[in-house]
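**Student:** The following feature annotations were taken from TrEMBL:
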- 86-109: transmembrane segment (TRANSMEM)
- 115-134: transmembrane segment (TRANSMEM)
- 146-164: transmembrane segment (TRANSMEM)
- 170-193: transmembrane segment (TRANSMEM)
- 238-259: transmembrane segment (TRANSMEM)
- 280-299: transmembrane segment (TRANSMEM)
Amino acid sequence: MTRKQFMHIVEMRTKIISMGTFLCASIYALSVRGSLNILTWLVMGLATLLVDMGTTGFNTFFDYWRGTDNAIYTKEEDKVLVHQDVSAFSALLVSLLLFGFAALLGLYLAWLTSWYLIFVGGACMLVGFFYTAGPYPISRTPFGELFAGLFLGTVLFLITVFVQDVTLTRLHVVVTLPFYLLIAMILSVNNGCDLVGDTASGRKTLSIVVGKRKAFTLIAGEGLAAYVLSYALVVLGFYPVTLALCLVPSLALFCIALAKVKREGLDAEHKSVHMRFASISYVHFCMAFLLAYVLNIAFSAPVF
């Protein structure tokens with residue numbers, strides 16, 4: 001296995017999603033506390049990255065092992081288990097090692113902060129594994145968006161804030177909801193493009209349940225709802241006023257790209273392009289969020 005093949009197995013380019021949530025949660029914690037524990041921050045960030053890489057590695061292995069990824073329906077050249085001579089078991093071994101290192105970091109983080117993290121972190125790793133593993137993997141059900149948004153958006157955000165010694169309340173859960181929706185949208189784009197292949201392999205993803213015609217509506221609804229909710233949270237005082245301005249270019253770019261997705265349609269041939277749209281849209285949102293809080297901190301605006 002080459003370094004490039006390893007990067008494809010763990011889909012390194014998609015790690016901007018978990019890292020985006022982590023960074024946004026970090027600056028949110030900074031705005032609340034006024035400082036960050038750098039050691040805790042570094043350990044949390046590395047553990048997050050390793051869990052995300054391991055989860056994707058397991059997904060790569062099990063999707064190939066079950067035949068979901070195959071030469072007939074899988075057009076992406078990045079799927080190296082399908083299109084290149086890479087051992088599937090090497091992908092499994094890499095994923096196990098990544099989870100092992102993440103578990104060690106998780107134990108250290110729990111020692112630094114709270115032993116409750118062992119249970120929460122363990123739950124995150126179990127969900128990551130059983131997303132494509134086991135007799136009834138989550139990825140084959142209509143609940144993929146629910147779990148992806150919940151764990152890569154809400155739970156990751158809350159853990160990142162918690163390890164910075166912030167007492168969590170319902171307010172903090174509300175703050176995570178736009179991240180939840182946008183991450184759910186990313187998975188909906190993926191599943192919408194895989195409708196034909198997923199149907200053939202017996203999956204019942206949410207995109208399949210709602211049908212081909214409504215798959216785009218689902219994507220647009222999740223994405224636009226995230227922005228509407230963000231502005232509502234600004235009005236309600238959950239987010240700083242600076243975010244209202246910072247989100248304008250992000251929203252404009254999202255709408256333009258969304259219109260292009262509608263014109264081109266959801267299919268395997270356009271999957272790479274559409275997944276790039278989904279990922280970049282999330283990055284734009286995170287950049288707007290980060291900039292808004294930087295401005296908020298710089299001008300010493302009140303934090304809610």
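Heads up, the Cβ atoms here are built off N, Cα and C, so glycines get one too.
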**Student:** Who are the chain neighbours of the transmembrane segment (280-299) in space, where the CB to CB distance is under 8 Å and they lie at least 6 residues beyond its ends?
**Tutor:** 16-17, 20-21, 23-24, 27-28, 30-31, 178, 182-183, 185-186, 223, 226, 239-240, 242-243, 245-247, 249-250, 253-254, 257
**Student:** Cβ under 8 Å to the transmembrane segment (238-259), counting only same-chain residues 6 or more beyond its ends: which ones?
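**Tutor:** 31, 171, 174-175, 219-220, 223, 227, 230-231, 277, 280-281, 284-285, 287-289, 291-293, 295-296, 301, 303-304.
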